[in-house]
Amino acid sequence: MAKVPPGVGPRFPQVVVLFGATGDLAKRKLLPGLYHLCAAGFLPDYRIIGVSLDDIDTAAFSARTREALAQHFNRPIADDDWAAFAERLAYVPLSAGAAALAAAAARAEASIGQDSQRLHYLSVPPSAALSAVRTLGEAGLMANARIVMEKPFGTDLASAVKLNRAVHEVFAEEQIFRIDHFLGKEPAQNILAFRFANGLFEPIWNRNFIDHVQIDVPETLGLGQRSAFYEQTGAYRDMVVTHLFQILGFMAMEPPTSLEPQPISEEKNKVFRSMLPIEPGDVVRGQYNGYRDEPGVDPQSETETFIALKCFIDNWRWAGVPFFLRTGKRMAEGQRIISIAFREPPKSMFPPGSGVGAQGPDHLTFDLADASKMSLSFYGKRPGPGMRLDKLSLQFAMRDTGLAGEVLEAYERLILDAMRGDHTLFCTAEGIEQLWQVSTKLLESPPPVRLYEPGSWGPKSVHQLIAPHAWRLPFERAWRNPNQSGA
Ligand code: BG6
């Protein structure tokens with residue numbers, strides 16, 4: 001694997017303590033991500049200690065890790081890179097207690113030297129987060145440490161406040177990195193570049209020019225092994241109060257005074273403070289047919305696997321502009337888009353039947369898929385006699401720049417940032433508590449779930465929610481593929 005130049009990663013060797021080391025996220029993202037960072041030479045040196053409920057030993061953990069890489073690491077794995085990685089793995093079952101964890105950490109630290117730093121990664125559900133923090137406290141692993149916490153951070157305002165308070169008893173706020181992997185995606189950061197590095201769009205980025213905004217993240221995947229976790233969580237807590245609102249924060253915030261963590265968090269938090277409470281009447285909750293038959297799911301379950309809602313940011317920039325958010329499992333397509341619909345011109349001189357406005361308003365669309373894409377669609381004249389209009393578009397795809405191979409996977413990028421102590425792309429306690437506050441009314445009186453067919457776009461009432469507008473997805477015109485002739 002190509003090695004990165006020194007100085008890009010953290011300065012000091014890292015001891016990573018990974019709670020939830022045999023879980024789904026660790027297998028799919030964290031272990032492959034750590035392997036990539038280690039094999040590519042981002043870290044001066046490292047040791048990784050897996051911790052979980054499974055009563056296995058280091059050899060079995062290493063074998064499971066190798067299996068996870070075989071399934072989820074999509075680059076070649078060189079034997080010597082793997083051997084170097086495997087040699088640095090250790091495992092402590094939770095049942096062995098804090099003393100065993102402390103001993104494993106001491107062994108790891110002794111083998112890589114005095115100046116190492118600790119990175120604790122809690123890849124555990126909200127119900128287990130506190131006990132993991134306490135175990136770290138009992139093991140005395142607070143000093144020289146950073147702790148990465150996975151969402152959802154609590155399940156409502158009261159539990160988030162309680163969790164933050166309890167974590168603060170062991171770790172100081174500057175040691176805590178609340179991760180939201182959507183913010184580690186290149187296209188999400190590109191929203192900031194696009195908005196603030198160019199003069200063209202910022203002047204029209206407000207209620208005078210923008211009619212409404214859609215943040216739409218349908219997924220085709222179901223729940224796999226995760227139904228027991230999901231049954232307690234649902235689409236709102238799993239996706240909206242976390243990823244979709246964070247993206248909304250980037251899309252809607254004022255220009256920060258600098259690209260430093262504090263000014264960025266402050267601007268995002270101002271957006272969250274300006275949000276009006278989510279009204280249950282502005283929400284459609286859905287559940288796909290068949291969810292209740294899945295293992296670990298209550299046959300009477302009211303957990304939503306789909307949610308669509310309308311929300312408002314009541315500040316000078318955005319007052320009156322509806323933001324429509326949608327996400328769900330087992331839907332027709334997997335997409336992640338932000339679509340900004342501009343206001344229509346005040347008056348049209350085009351003759352009836354010319355086609356102006358017939359295909360919705362002009363739009364700017366960001367595709368947050370790993371290889372980022374953008375499209376600006378507008379009405380233009382169809383060649384030939386008379387005045388017939390068509391929807392045309394300017395499109396950009398990162399793939400065409402030849403730089404797409406340099407993209408770090410979102411978790412890799414964020415793990416590296418946490419190791420370097422950079423909070424820019426992480427969430428603050430205040431921001432999260434504010435988002436729970438905005439959600440209280442909905443969590444207290446959720447509308448009933450409506451069934452939808454797997455492979456569809458959700459319950460029918462999603463169309464009423466957005467009327468008189470329409471969901472951009474499914475796209476009427478596919479993204480242009482520059483490799484196809486005639487495109
Ligand atoms: C996770 C959610 O945080 O994000 C999952 O728990 C969801 O339910 C996933 O599928 C989507 O992330 P990505 O990066 O695969 O789009």
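One is the number of the first residue shown, and numbering goes on along the chain from there.
From the backbone N, Cα and C atoms, a Cβ is placed for every residue, glycine too.
Keep in mind that TrEMBL annotations are predicted by a computer and have not been checked by a curator.
Per TrEMBL, substrate is bound by HIS181, LYS185, GLU219, ASP238; the candidate from LYS329, LYS347, LYS373, LYS381 named for the same site is LYS329. Ranked by CA distance from ASP24 (NADP(+) binding site), the recorded positions LYS185, ASP238, HIS243, LYS329 have ASP238 at the top as the closest. Ligand 1 lies under 6 Å from the Cβ of ASP238, out of the binding-site residues GLY20, THR22, LYS151, LYS185, ASP238. DSSP gives HIS243 (active site, proton acceptor) a helix state. For the recorded site, LYS329 (substrate binding site), the DSSP three-state label reads coil. When each of the binding-site residues ASP24, GLU219 is scored by how many other Cβ atoms sit within 10 Å of its Cβ, ASP24 comes out lowest.
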